[in-house]
Amino acid sequence: MAWTTLQLEILQTTSRVSSVFSLLGASFIIITFCTSTSFHKPINRLAFFAAFGNILTNVATITSRKGIEHGNQSALCRIQATFIQWFMPADALFCLAMALNVYLTVFKKYTTKRLRGLEFTYILVCYGLPAIPAITFLFIKNREGVYIYGSAILWCWISAEWQFLRIAGFYGPVWIILGVTIVIYILAGRVIFRLRGSLRNFARRSAPAPPVKDTWSTQRDSLSRAMSPDPTPRPNAANNPLPSYTVVIESGPRPSAANNRVPRNSAVEANTAAWAYCRCAMLFFLALLITWLPSSVNRIYQFIYPDSTHFGLNFAAALVLPCQGFWNGLIYIVTTLPACKEFCRNLWEHIRRPFDRLSAWRKSRRSLSSKANSMNSL
């Protein structure tokens, strides 16, 4: 199928617009993370590290078809293809790292300090692993002398002559990563909502309850570490005016009115933590699905029908693939909404301050002018 000039311009414009939105999302993550500690949740720290890869991906996607126009063996084309092969799957690996953080806090009781200790490993794996094929592909060519990197309609990437590598070296590994990510969220979600249901049932009872293990307290605190900024040290039992949740439910006698507040507060925390997890997991799932499903269908279609192309599928790929930074930014905002509101208020105050000073200066000038006119009239 021969592409018309209009179709190619539409694809190029679409990829560039999507790249701009992604750059805005990634830039917001970097700026807010560097200016306020309120954004330093473990899950957002990984989004911060992934944002640099999102920006480098968009450096390639915003170039769009310029690499192809310069020639398949041009430096621009080869750099563009390397960046796409390197940093686009790195985003999926960072999503897996975020899911692993949730798994480790829920099942292995990892503290924030231990999660931070894993960050260097995450960065090394997420950026180092995709670098191996991305750089290796620069030097491989077939018997006809055709290198792996070349025209891929939307931009320079794995050329049509190496069609099988698009699945084996890119989309296949990405979908394995996404599958593991989704499984982790499902396993963690089952534990969280099971414990949430048990706690809510207990909170509704007015009669004495049999002893209940403190599993929920541990799981709740673990999840809070994954979903909240670095926690402050918890008070000692001697300084804590209220007994712990475990003491209340294992004490045997009917809880007093004062102690009744504890299971209710724990139930509220359960609902809050469960909703925070559910919201985050759903957003990650939708973002991954939206980003990779249309483009994967497009590549599978081209693999099955190598002599045919589909404008609609290529348009969908140009729309969603460059948007990784946008989706990461959206999830980042949702999981830190109070901090984002505070950041926007502070930013608005800084922007408004010079105008307030100018307005005050003008009022002062008008007041002085009015007094001078009054003195002159006398």
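A Cβ is built for glycine as well, from the same backbone N, Cα and C atoms used for every other residue.
Going by TrEMBL, these are the annotated features:
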DOMAIN    8-196  domain 'G-protein coupled receptors family 2 profile 2'
TRANSMEM  20-39  transmembrane segment
TRANSMEM  46-63  transmembrane segment
TRANSMEM  83-106  transmembrane segment
TRANSMEM  118-140  transmembrane segment
TRANSMEM  172-193  transmembrane segment
REGION    206-241  region 'Disordered'
TRANSMEM  274-293  transmembrane segment
Other parts of the chain folded back onto the transmembrane segment (118-140), taken as Cβ under 8 Å at six or more residues beyond its ends: 45-46, 49-50, 53, 78, 81-83, 85-87, 89-90, 93-94, 97, 101, 104, 147-149, 158, 165, 169
Range from 20-39, 46-63, 83-106 with most C-beta pairs under 8 A to the transmembrane segment (172-193): 83-106
For the transmembrane segment (20-39), distant same-chain residues with Cβ under 8 A (at least six beyond the ends): 45, 47-48, 51-52, 54-55, 57-58, 61-62, 229-230, 322-330, 332-333, 336, 338-340, 342-343
